[in-house]
């Protein structure tokens, strides 16, 4: 088991390196291929009417005149040890982990992302708990009585959940529960540590809307998985032992049906942690997703690069956790 | 096997059949298990009667789809494959286990008997064991369902059982998962799990079919030894006559959900009285037979359990269907008739005709 974790960890690190190289390549190589000179690139760091001397200074400071692989190396180094920039007379320190400076705001990328992380984390974690619990429970109940009224209604709702886009359900939820009946008033994000009640209150609507979208998928996945495992031979064995039906279903059926759900959950959570773009927009939450949208709108390459790498990091991390979880759940995985 | 066919009107017993107390340890009377489907009613078991004493072994033989597995599942109360089918399946008749009637019993009562008084071994131990739990965990679970003991005690019991069924280093292997066991060891573990509560009835559904030939004999020996030790009644279900040849005291041959022949094993083997049994014997490879002889398969395929052929269900495949001149084979369902002693056969041919065909045509080819 230990060697398995080490192996997964190493491959996760390699994967992250590849992702960072590709992303870096895309963001710094593509402008070049598109015919943008390094002068023009450097110009973006400076305000209006740059002098050639300014441009040359920026190029030198940011290493834009170096070959790409050296720039990538500097970029990597910056993440782990930080970078000292010299802008004109005053020196600027970009702290670890340094993802560079924004073109537009001239603020370090990482602290900006960092300040937005709690919003996204709160949103994703709360919604995840909701959708896993409700989705799996609905799926199990449906699988126990396939074709029943409950099953058909649940699957109908699930179909709606999968089909209705976030910007519709989110807007609808807002219209109903914020404007029509102001149960959940619009307010800015309140940190959990500051006021847990207010924190939850501002997030209830986004949580529920997001969970509605996902739990639909999980209900269907769980139902299909349960129907399959409940027809397995080992379920018959469990019944032959004289176990109560509930134990047969939960301990023997659900346990086996959960493994593929863990995989999907890792993916979904990883994606969501990298920023729930639409949800954050709809509910005006200033999370990582909103940051990404702002960065893209502003064509702010360093910010886009930073947020992309963060998203990739979360996906790789979640998959690593899934792999380890999977191995602890299904002992056969450890062999391969 | 007791003489049940006369029992419906047994003299000196005015009580109706349903209330009549059983005389044998396990008595199955006129068992019917029907599954309604979109295409019609599947009559998996359609009027089956047999009995079994403690310490005895009954072999139920038949092709796939003859109803033998459904019979065993019905005895265990496991014929409802899922909750979905629970409302659909219909079962009638009587199953008496040690004085308790199971067909009309509360499902929860049957559940409490399962694993404790009656246990089952399945065909493919790899799929019958849960892949995520260790062998020990699964045996411990089986024990603790019926015994209020702590995990340590149950674990000791599991190790003891693994040792008993011949697993080397049971104290180590108890923590292995099923995929770390070989096929034969898995079936041994399965047997250990079935016997952990000292059940009085053990049902083995094709216990050796999924195993290597070299392991099959070991498993059968093990079942026989354990039966002697525990004194339980054993039902072995198989399509392979070789499996039950040495093990079974009685044989029951099933065809199309019904019994076509039953009796003491040596009688059914050496003086079979039904053309289907002849077919089974002819299709069985034998080491003592001339290698150049070909196996004689039973022609055709098993009957549909929805539209069972009228008359004798075997008539479309029976080479002797035209021997009785009154065309009864195609119109009248043959009842079980006594051949001698406890030996019964459901065939329209007269006993003389059958004896003649067996001695002149069938036996010399075997």
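Yeah, the Cβs are placed from backbone N, Cα and C, and that goes for glycine too.
Fair warning: this is a prediction, and the values are worked out from it, not measured in the lab.
According to TrEMBL, the features are:
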TRANSMEM  A:12-30  transmembrane segment
DOMAIN    A:117-326  domain 'ABC transmembrane type-1'
TRANSMEM  A:119-144  transmembrane segment
TRANSMEM  A:156-177  transmembrane segment
TRANSMEM  A:197-217  transmembrane segment
TRANSMEM  A:256-278  transmembrane segment
TRANSMEM  A:304-326  transmembrane segment
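Proximity of distant same-chain residues to the transmembrane segment (A:119-144), defined by a Cβ-Cβ separation under 8 Å and at least 6 residues beyond the stretch ends, is recorded for 150-151, 154-155, 158, 189, 192, 199-200, 203, 206-208, 210-227, 230, 249, 254, 258, 261, 265, 268-269, 272-273, 275-276, 279-280, 285-289.
In this chain, the transmembrane segment (A:12-30) does not touch the transmembrane segment (A:156-177); fewer than three CB pairs sit within less than 8 A of each other, excluding pairs fewer than 6 residues apart. Proximity of distant same-chain residues to the transmembrane segment (A:12-30), defined by a Cβ-Cβ separation under 8 Å and at least 6 residues beyond the stretch ends, is recorded for 68, 71-72, 75-76, 301, 304-305, 308-309, 312-313, 316-317, 319-320.
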